[in-house]
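A.B. asks: Below is the structure I would like to discuss, written out as structure tokens.
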Amino acid sequence: MNAFHPSPLLFILFLLMLFQTCIIATKKPYIVYLGSLSHGSSTSSLHHQRVTESHYNLLESVSGSKNIAEEAISHSCNRHINGFAAMLDENQASKLAKFPDVVSVFECQARTLHTTRSWNFLGMEKHEGIPLNSIWNFARFGDDTIIANFDSGVWPEAKSFSDEGYGPIPSRWKGTCQSDLDPNFHCNKKLIGARFFNKGYGILNATFNSPRDQEGHGTHTLSIAGGNFVSGANVFAMANGTAKGGSPRARIASYKVCWPVEGRQCLDPNALAAYDAAISDGVDVISVSIGGEPKEFLRDALSVGAFHAVQHGIVVVCSAGNFGPTPATVSNVSPWVLTVGASTIDRDFTNFVVLGNNKKLKGTSFSSKALAFNKFYPLINAVDAKANNASSSDAEVCNERSLDPTKLAGKIVVCLRGVISRVSKGYVVAQAGAAGMILVNDKDNGDAIATDLHLLPASHVTFNDGISIFQYIKSTKTPMACISSVKTELDVNPSPVMADFSSRGPSTIEESILKPDITAPGVNIIAAYPDEIPLIELQVDDRRAPFKVDSGTSMACPHVAGIVGLLKSRYPKWSPAAIKSAIMTTAKTNANNFNPILDFTGLEATPLAYGNGHVDPNSVMDPGLIYDISIDDYLNFLCARGENATQINKLSHKLFVCDPSFKVTDLNYPSISVTNLKTGPVTINRKLKNVGSPGTYVAQVKAPLEVSIAVEPSTLQFTAMDEEKSFKIVLQRSGKGSQEGYAFGELAWSDGKHNVRSSIAVNLGK
């Protein structure tokens, strides 16, 4: 009998079917979101276990086995957020999404920290970036406010977390200090709690079983938000002064959700679990300096977690991201969070490059080493020091093994920015024997120079200054230069200036919500740092210090979180939206020279960069009027965006029915964004609440050339506290100016003392 031999075509079809089956069966981490749980934190562990049991039962219905369901679920949120994280294939996820009890099913993200280190280059920042001035005395109180930080943990030994002079921990605190596996970790009456969330990383070493910070980012951001007063703070004797957080007397708690795995991953299930725990613990403010690709509001773990926090009266402050200046890169765009961009402060770390032709160029650095005073050194373009086996493109950026040491010894080398980190370039040229380095920008980076902790004397200069340097080198056979030592420069003018890296709007999820909301100090911020961890991520650099300079929206976010802590302490009954409104409507759009805030390019910045402006802590305590938003308003907003009404009801603690007349633009947001003004008019409805003394407010409009803006009524009279008044803004094309792109204006309500200001962004269409 002849053996059966399948044809090659049949065999290929079999392999394709097998491959397709494998693809379908591939499992990924998903979050299955089921809405709100209405029971309080005082319920028993048995109640929590019943919720978890319901999660197992739900997953069993699509997996076919209780054991498989229990093994698949990694996280079960069972306190205030109802949901779980599990390894699912696409078929299981699709089936679960159709269950009537399920609000959404979505893939988990691995998010990153919003420091410029996430880009593989280092920046710097200043801790005391916001002067408290008129609220200084109040800043010394507020020790009943609890600020939580979602980050890479905390270094409890840092002086910024000292509890000297603190009274008992507030009795409403229900959290814990999860230090059982790290006997050297401790909490106190300042740092009142610490937790860690580390599921989903596979086999971990012992350092993952502790809330201790192993990379410095969490310590830095937490001290910016709520660090205690520390006199004599400095980094290598520069910028000496008193360090303090935005809310220096607040109690603080750390929730470690980010780990040094594959570039500092912060997994969604851990972040959602941290939100569930923080709500139960009793925090007042949550600072979140992490982010990822924006997703639909109910299919994004950070957005979902923040909604439930706000539902319980907690203000959530998030970083906008570090993917600027590219438009539409802003993250953390939910309307219930306060999204913070980054801008400069009025302090620089300055040095100068002096060329042999006596041309003096201003640069920046934070190098702890200096060249001999006024001594000139031979100057060389890195391309002219190219190693024999290296390409010119590698040499010009001072890439590893691209330079010839025999051509560099004792010289100052000029390196082009890009490809490898700025600090790494310094290491490369130092290893090759160079005396110093001038780092020059390419055209794309323009005037955006960064203050780095270089290994050798160095200066970072602008693109145009770089052109001058290259022209000088070509003009003489013996080019020479010197680099001055770094000095701390105060009262820098103009400031603030928008940081190049700060992510820009518009939001890719909902353009009618202008994001970011606000900008705050995020460049060259000095804050606490673990003194047992090297300051720079180079194995050859072991420099350590209890304070560090760093840059990113990661640093801007906790500045605002600290101010929120002060507001919460003074106005404990204000809603999260009220506090957000006070911060946004009192923000400033002028720099310290009384001219409009500039972008890093030198051009005027727009609300797509700074939102409603730069935070002004001296005005937030007395905003006059606020735009308040209830949880029902947020739910109606979601309904208006097309979310299923039955599923939206599962987010509420009571029976909720969508208002069919509510439009997306009706959300009582403190800023105004019109998505497409091709035809008109467009009417925006808003409502203001009086939180000050009685008075009459008059509308003042600055309309762009392309748009006509009318406010009806144009006068609002308030006679009592908490009185609310409605008004509408009518926008239409004026027929003048540009016919496409964005146009910007503003609306301010003034009683002669208060100036309740809203940015207006109008997409004119194409």
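The backbone N, Cα and C atoms fix where each Cβ goes, glycine too.
Unlike curated entries, TrEMBL annotations are predicted automatically.
As listed in TrEMBL for this protein:
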SIGNAL    1-25  signal peptide
DOMAIN    30-114  domain 'Inhibitor I9'
DOMAIN    142-591  domain 'Peptidase S8/S53'
ACT_SITE  Asp151  active site, charge relay system
ACT_SITE  His217  active site, charge relay system
DOMAIN    377-467  domain 'PA'
ACT_SITE  Ser554  active site, charge relay system
DOMAIN    666-762  domain 'Subtilisin-like protease fibronectin type-III'
A.B. asks: Restricting to the chain of Asp151 (active site, charge relay system) and a gap of 6 or more, list residues whose Cβ falls under 8 Å of its Cβ, or answer none.
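C.D. replies: Non-local contacts for Asp151 (active site, charge relay system): Leu113, His217, Gly218, Thr221, Leu222, Ser254, Tyr255, Lys256, Val257, Cys258, Ser287, Ser289, Ile290.
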A.B. asks: Which number gives the other C-beta atoms within 10 angstroms of the C-beta of Ser554 (active site, charge relay system), all protein chains shown included?
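C.D. replies: For Ser554 (active site, charge relay system), the count of other Cβ atoms within 10 Å is 34.
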A.B. asks: In the predicted model, what is the mean pLDDT computed over the domain 'Peptidase S8/S53' (142-591)?
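C.D. replies: Across the residues of the domain 'Peptidase S8/S53' (142-591) the model's pLDDT averages 92 on the 0 to 100 scale.
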A.B. asks: What number of additional C-beta atoms lies within 10 angstroms of the C-beta atom of His217 (active site, charge relay system)?
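C.D. replies: Step by step: centre on the Cβ of His217 (active site, charge relay system), count other Cβ atoms within 10 Å, giving 28.
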